[in-house]
Amino acid sequence: MATREACGQFAAASAAMAAASSQNPSKATMTDPRFRIRPLQQVASACTGAMVTACFMTPLDVIKTRLQAQQQALLSNKCFLYCNGLMDHICPCGPDTPNPAAAKPAPRFSGTIDAFIKISRTEGIGSLWSGLSPTLISALPSTIIYFVAYEQFKARFTDIHYKYTRRPDTIAHDIPHPIPFLVPLLAGVSGRILAVTCVSPVELIRTKMQSQRMTHAEMFGTIRQVVQSQGVLGLWRGLPPTILRDVPFSGIYWTCYEYLKSSFGVVEPTFSFSFAAGAISGSVAATITTPFDVVKTHEQIEFGEKFIFSDNPPKQVATKSVAMRLASIYRMGGVPAIFSGLGPRLFKVAPACAIMISSFEYGKSFFYHYNIDQHNRSNQATKGPGS
């Protein structure tokens, strides 16, 4: 029954999209509360986009991890930071961490392409999706909360903007009123803060269990220990550096993306436009925030090694300000050190942002036309066949 209903929704939405392809909807129609994408529809769109992104990006991270592993032996209580602008997680690199190449000696890799070819030949193409998949799957809730929260905040801020700034003559003639870029900026920042705040305690517990293979009883004991030694706020110990890493990126990313849509007069973006705009926006945001990202990556990895992947975490640790860390990095390597890792970061962030936003926008477009079709059907049923 559910399958037939879903197929019916897909057919109805597809027909509505085909009928509307010959005419471009106005901004007033897109912002009409009657046709707005509902939260559950946003969840479905974000979940689909996150899964597609994970499927495409996991091989790149498996290759990156294998290249790092051959440079130095994986040490106990060490970790690395997985971040592509959409998902951000501290991952353990201890001796008990599952390694897809543990069953056979790993060949030497000279680079990304060489690693891709050798891993595919010696271990099978499926091995490129092993190892990091559980981590990526656990990152889906954060991504879903982030994108749904952005859409909700954007709708609320847009309503507030229209309420206090839209002139009566534009309302009477249904004239679109431009939305300032402060709206996507605030929506992106608010959505990211909400997402990392909700997921931070769960992520701390998950990484602790993963690194030490805890049972559920041991997990609750660890939670009690953290609360007793550091208070309830100890569960959010890694929140500040995460927020300081992600908030600038999110604000710049969404502002650039909405700016591109506005500059090209795009109301309902196509898949190709969303893909290109997402890649450009992600690249701009990644480039601008790279110095800050370098500082916060060092801080987050240090936090992971001292507090998450340590059997005896210290109760207190000396803290350094962002300015102090940035100055220290600059003294050691100058400007190149501050922008270190920009190339690999762009290589990951640009496609991840492009895949995620294009998949998300396609899902939104699907449900948008479905809502219009349902509204029209409801009106026809209300008027009756003879009207």
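Glycine is no exception: its Cβ is also placed from the backbone N, Cα and C atoms.
Check Swiss-Prot against the ranges 43-63, 316-336 and you find transmembrane segment recorded for 43-63. Transmembrane segment is the annotation Swiss-Prot gives to one range among 64-84, 337-357, and that range is 337-357. Beyond the transmembrane segment (179-199), the same-chain residues lying 6 or more positions past its ends with a Cβ under 8 Å from any Cβ of the stretch are 88, 141-143, 145-147, 149-154, 157-158, 161, 236, 239, 242-243, 246-247, 249-251, 253-255, 257-259, 262. Most Cβ pairs under 8 A with the transmembrane segment (43-63) among the ranges 235-255, 275-295, 337-357 are made by 337-357. Here the repeat 'Solcar' (179-263) has, by DSSP, the following mix of helix, strand and coil residues: 76 helix, 0 strand, 9 coil.
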